[in-house]
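Annotation comment: Swiss-Prot describes ASP80, GLY81, ASN154, ASP155, ARG182, ASP184, THR195, ALA196, TYR197, ALA198, LEU199, SER200, ALA219, GLN253 as NAD(+) binding site, evidence class sequence analysis. Per Swiss-Prot, active site, proton acceptor is recorded for ASP80.
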Amino acid sequence: MKPIFRRVAVIGKYPGPGAVSASDSARQIIESIAQFVTQQDCELTLEAETAAHTGLTQYHTLDVEGIGRQCDLCLVVGGDGTMLGVGRRLAGYGTPLVGINQGRLGFITDIPLEGYQDALTPILHGDYEEDVRPLMQACVMRGGECVFEALALNDVVVNRGSTSGMVELRVEVDGVFVSNQRADGLIVASPTGSTAYALSAGGPMLHPSIPGWVLVPIAPHTLSNRPIVLSDATEVAIEVAGGRDISANFDMQSLASLQHGDRILVRRSAHRVCFLHPRGWSYFATLRKKLGWYEGGS
């Protein structure tokens, strides 16, 4: 049976310069996956940086945007951080993503590297679970102009520097004042991000099907400042009212330094990310496994 995905791209995590043994390992992993994909009668494309850093230059290559324009499916080899970066860049193209976990936790890169062939074969032939996740669009407003803009799949975080004191943040939802918060920072998390930094800060987990966000203070000065669940149809505005050495992070991968009076506006993006999982995948099974929940029995 012919695969339904004809043009398949592979984007891999690769080590920095000087890590020879890690580089050799990355090359072996990517080459194994590339060979497997071609054996499935698919046209293989390697992301250009992946090919250059692993020395696998014998394959057809494209940059990430080219993959979005020309490929039917993208395999992301790495951890959740790798997937977050790729997801944001491909969101505007609608390219479905499959995660092969080479990292630690792997909430969204859920296929283990060992035995990936058994999980990947049915997906390539159309047997999979589809999992669509929303994105957040954020911009930093300064003097009435947007000076920095980014997408986020997990979260938007406004926080203090490592050597500074608490920050004071004025929070509005749809133009309505909520509170001034004195804390180490504030997290606006999507359902995807609710199991990341927001969870460690005491926030709730949101099921991916919930069209909502969670607003989570980081170490608030007032203990009554608790997490709030919001509709993702709202616009959240966070204004820097006090503190120093303050920054805004988007999925902890892009950063903007902030000044007093800056406003960070967060709204739902028009783009979404589509993950494909093996048949039988379950969000709750993922939570049980990754968070070590008790399953009962003797």
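Glycine is no exception: its Cβ is also placed from the backbone N, Cα and C atoms.
Everything Swiss-Prot records as a feature, shown here on the structure.
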residue : record              : DSSP class
ASP80   : NAD(+) binding site : helix
ASN154  : NAD(+) binding site : coil
ARG182  : NAD(+) binding site : strand
THR195  : NAD(+) binding site : helix
ALA219  : NAD(+) binding site : coil
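Of the listed binding-site residues, namely ASN154, LEU199, the sparsest CB environment within 10 A is found at LEU199. For the binding-site residues THR195, TYR197, ALA219, the largest tally of other C-beta atoms within 10 A is found at THR195. Around ASP80 (NAD(+) binding site), the C-beta neighbours below 8 angstroms that are at least 6 residues distant in the chain are GLY99, GLY103, LEU105, GLY106, PHE107, ILE108, THR109, ALA196. When Cβ atoms from all protein chains are considered, those within 10 Å of ARG182 (NAD(+) binding site) total 19, not counting its own. Among the record's NAD(+) binders, ASP80, GLY81, ASN154, ASP155, ARG182, ASP184, THR195, ALA196, TYR197, ALA198, LEU199, SER200, ALA219, GLN253, no two C-alpha atoms are more than 31 Å apart, and one pair sits at exactly that spread.
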